[in-house]
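**Student:** Handing you this structure, nothing more for now.
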């Protein structure tokens, strides 16, 4: 049955999903299309990024109401530094703006904020805002809102390998003890389950260096809708299609 959350502007209806017990525990989203959304309207690209913040709030609400356990949002990639500096600076201010406005609602609704990625490379004002939100929500045990910030999967894997090599050189690890479980403990996502469902907006069909290790058995769902257009109904469509799939994990 649906769970009504006070800060939702629109409640999820029971008839919108076939099975409320078969909800993906961990959903990861590649939020693509902000710039194109703005350009289609004759607006600067940053207007699309600002509109995308409203979509984040809307989808967090929907995920809470659907009892999703983890929502990972690809917020800023290690490749995004190649964009114009003015755009990069603007994007990296958005987490602070989002949390300034919406943190009280996240706290009220038991959401816990965390981040993955090379966090130390982002501006201090961004670090401060996220660290404050993490501290304020650390005891919450509802939805984990996980911002992938300055995140790149290849960097993550190399970073893990370097840590393991150092432990091997220091005789802290016998290489024969190395297995998938041990390796995963050195990834940024340590402690999180792998995504059950990946959603990518914007009509592109690629992973863009996102969670390459973790997505091995994840169900993928793509939509032509640009991120600012992504709404509750589209989110529910992704959930309903997920419910129709049979996850075999290499079996029959």
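Glycine is treated like the rest: Cβ placed from N, Cα and C.
Below are the features listed in Swiss-Prot for this protein:
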BINDING   32, 219  Mg(2+) binding site
ACT_SITE  32  active site
BINDING   33-37, 45, 49, 77-79, 81, 83, 200, 206-208  substrate binding site
ACT_SITE  80  active site, proton acceptor
**Student:** Cα of residue 80 (active site, proton acceptor) to Cα of residue 35 (substrate binding site): how many Å, rounded?
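**Tutor:** Their Cα atoms are separated by 13 Å.
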**Student:** The residue listed as 'active site, proton acceptor' has how many other Cβ neighbours within 10 Å of its own Cβ?
**Tutor:** 17
**Student:** Fewest neighbouring Cβ atoms within 10 Å: which of the binding-site residues 33, 35?
**Tutor:** 35
**Student:** Sequence gap of 6 or more, C-beta under 8 Å: which same-chain residues meet both conditions with respect to residue 219 (Mg(2+) binding site)?
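**Tutor:** Result: 24, 196, 197, 198, 242, 245, 247.
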**Student:** Measuring Cα to Cα, how far is residue 207 (substrate binding site) from residue 32 (Mg(2+) binding site) in Å?
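**Tutor:** Cα-Cα distance, residue 207 (substrate binding site) to residue 32 (Mg(2+) binding site): 11 Å.
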